[in-house]
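J.: The structure's right below; bear with me while I get my questions together.
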Amino acid sequence: PSPFMADALKPLLRRPLRVTIADGRIFLGTFVGTDKALNLLLVNTDEFRLGPAENPHGRYVGQVMIPWPRIVRVEAQ
């Protein structure tokens, strides 16, 4: 990850994000920062799994650190 990526994420601080990771899970939470490796830190987060048998309401997971290499998509709400 480059310093440019960290600068690109700064405007998203304290905004709700929808983060999709490689295994298909989606996390909806408030973006509060990154670490040196650009792993994303979300708080007040709900996790959703895609699929017909999954819970459409998701589950509350609270604070999560999402590894940068696993991230497929980041969307600001």
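Numbers run from 1 along the shown chain.
Cβ atoms are placed via backbone N, Cα and C, with glycine included.
Sharing the features that TrEMBL gives for it:
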| type | residues | note |
| --- | --- | --- |
| DOMAIN | 7-76 | domain 'Sm' |
J.: Take every residue in the domain 'Sm' (7-76), average their pLDDT values, and give the whole-number result.
T.: 92
J.: Is it possible to list how many residues within the domain 'Sm' (7-76) are helical, extended or coil according to DSSP?
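T.: Across the domain 'Sm' (7-76), the residues distribute as 9 helix, 38 strand, 23 coil.
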